[in-house]
Amino acid sequence: MSRRLPRTEGPWAWLAAGSVALSLLLLGGLLLLLAVRGLGHFWPASVTLVELEDGRLLAGQAVRELPLERQAGRERLYFTGNRDLDGHVWHWLPVATIVASERPAELVVLERRRHGAFIGRLVAVGEADSLASAQSREAAWARLEAQLAELQELRDERERLRRDVLRPLIRRLDARPDDTAARQALAEANARVRELQQAMGGQAALLESVDGRRLVQPLDEVLRAWQPNAMSLGEKVGAWSQGVWRFLSEGPRDGNTAGGVWPAIFGTVMMVLLMSLLVTPFGVLAAVYLNEVAHQGRLTNLVRIAVRNLAGVPSIVYGVFGLGVFVYGIGGTLDDWFFSDALPSPTFGTGGLLWASLTLALLTLPVVIVATEEGLARIPVQQREGALALGATRLETLTRVVLPMAVPAMLTGVILAVARAAGEVAPLMLVGVAKLAPQIPVDGEFPFLHLDRKFMHLGYHIFDTAFHGNDVQAALPLVYATALLLVLVILVLNLTAIFLRHYFRSRHGVQPRP
Amino acid sequence: MRRKRSPMTLLSRFQPSASGSIIDFDPTASCFEIEGVSLAYGGKPALRDISLRVPRHRVTAFIGPSGCGKSTLLRLLNRLHDLNEEVSHSGRILLEGEDIHAPEVAVDELRRRVGMVFQVPNPFPMSIYENVAFGLRLQGGLTRRRMDDIVEWALQSAALWDEVKDRLRASAWSLSGGQQQRLVIARSLAVRPEVLLLDEPASALDPISTLKIEELIRSLKSQLTLILVTHNMQQAARVSDYTAFLQDGQLVEYAPTDTLFTNPSLRSTENYITGRMA
């Protein structure tokens, strides 16, 4: 469409076109902000060595710059790490007080399990008790990298042991405490884990901050190390993509302020899929009843209005309903009947994946009903009469002609439902979302899908990371990244449904009218 | 419950009858007997006290100005008005001597015996084959081979086989309007109806397609009874054996087509067929 807006359309056409342009611009700006702030976090930023007027030395990554309050000049925020040495990791420095800044290649950044990042110099690597011997910088770095790779292998093996051997054995013992074979195997596996643990200890690195303070860092607490100033662009891109991949594939650490969001991605997608599976049959049946079965009178219209109004009920109200009816009501009863051995610890009588999906299914039911009803109403009466005239009953007409033709409309309903449900957080907080649930609700153990488990959700993860962490500055990039991810997840889910709808629509093309 | 009938026994019941040359044809040769039928849409009368007999294995045309009730009468014959709660009617309609509104008559069985083709072609969004097989699948109990045979027979009867035999799996919506209408006729024929109702079947088609449909109608009367509603008087004259002229919900004149068009007995009929009435 290369038709230009004709001048004669007057100001209204321009106003309308301008509104569209503005909306698109805002949307693009939003995504750009999320992408830059979120994805920039994983870039191995250069470390600057800063010398101040008073002779102090600082090494850190410049984060942002703001004008000083009530004074001329600007101040710059540096991320300096070294919480164990300084007690804090952020430094605001007035730009005017910086005498010199350079980027020495030998500065290292270590990501550690405790105390966060270390920024400074690497002096030596070796057995914890013989670190005094001086090493060249290159030798120390090479040794550090080798040791870290070895440690990673040990860690992976320990993880595998825990997941594949220890957890199943513990569950078997929970079920049958007198299983001596399992007890034996458990003892052996535990011994192996202790062995691995032993092998991991012992190595340490001697580190020195830029102002000369030294510390001995046990290597088993170091996750990764890099020399950002010495890295080429290619290496940085590699490190960046690894960082993004870890964010997508790992579980969270440090009270959700570090690590990845894999359980939250999985929980979100799982919940939305379950919700769609629950809401579609219910919504379609309700729409069929309203449009095809019910007598089209005042009562039906009243029901229709009520359904449309249900779409406007605030989501937290559905959360309260879910908590009262699903969790405490149905869940509590299920526990009494089938899981009374486990009481007082609840199985279904507490929030979980099933109840959250059900609550959201209820929340999105009106959308599916309305969309399906409109689709049913659009099917030409000739198609119904054609089927009836061949001797089809009303039910046969419905199932063989009308419903297949209404599939695109149903998918429109599902698309709208997914768009609404994937972004809801408020009701989930009442019916099953968890701050931290590192175990995803699907595993190799019967019944494979654990509907009673609590789950993580990207939306709630954003809320929790932004407001409940200790270090908001550190959490902020993760909030942006998670928000971007949430948008992308919803986009992918929607595109899937849109693709399906397109397939069903175009399967027979448009009927040519003579 | 549906009666299961093999199409062959059905065909054997179509005995060509020796019909009379005038409207008082042998009553045993009538397929539909309409006796004193009146109909109202939500209290507004649409048909008033109509009585006529439709001869078996002939083409009978209903003509008349728009809104005269000819389509309404047609839709009454396969009880398509049943779903509309606003419609009320009185009088009797007999199909082969049985009252079609009798409580023991299953409406889906009736509609299988009385097929219908509509003004706008309405093939289902399925393949050409599935469209024709639709009615057969509802009946069930047919082997794949038998189904193929009947589909081919129906498409040949509808003069469509040669055009679609190589693309039976293609979507029915890929056909042209005229082909679609012949497909719909084939779809109706596949369930072997005794009567085929045609509600202005060619009014949405181009002249060539119209010609083909008219040829088809003429050729089909050896197999079944056809009732044609049309606002095109030339068409009625070309294809029908008997013509009923309706006006304002009343049957004005009913006669063999030749008689009605050449020598109408009433002034209002003459006015209509000679175009002196809007």
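Yeah, the Cβs are placed from backbone N, Cα and C, and that goes for glycine too.
Any TrEMBL annotation is an automated prediction that lacks curation.
Values in this document were obtained by computation on a predicted structure and should not be read as measured data.
So that you can see what the record holds, here are the features copied from TrEMBL:
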COILED    A:134-199  coiled coil
DOMAIN    A:265-497  domain 'ABC transmembrane type-1'
TRANSMEM  A:12-36  transmembrane segment
TRANSMEM  A:261-290  transmembrane segment
TRANSMEM  A:310-331  transmembrane segment
TRANSMEM  A:351-371  transmembrane segment
TRANSMEM  A:401-422  transmembrane segment
TRANSMEM  A:478-500  transmembrane segment
* **Segment-level pLDDT (mean, integer) for the coiled coil (A:134-199)** => 82
* Asked: Is the transmembrane segment (A:478-500) packed against any residues at least 6 beyond its ends, judged by a Cβ distance under 8 Å, and which are they?
  -> 31, 33-35, 37-39, 41-42, 247-248, 256-258, 261, 264-265, 268-269, 272, 411, 414-415, 418-419, 422-423, 458-459, 461-462, 465-466
* Asked: Mind checking which residues reach the transmembrane segment (A:310-331)? Cβ under 8 Å, same chain, six or more beyond either end.
  -> 346, 348-352, 354-356, 358-360, 362-363, 365-367, 370, 424, 426-432
* To do: Sort out the residues at least 6 away from either end of the transmembrane segment (A:351-371), same chain, that have Cβ-Cβ distances under 8 Å to it, and list them.
  => 267, 270-272, 274-275, 278-280, 282-284, 286-287, 290, 307-308, 310-311, 315, 318-319, 321-323, 326-327, 331, 409-410, 412-414, 416-417, 420-421, 424, 427-428, 430-433, 441, 450-455
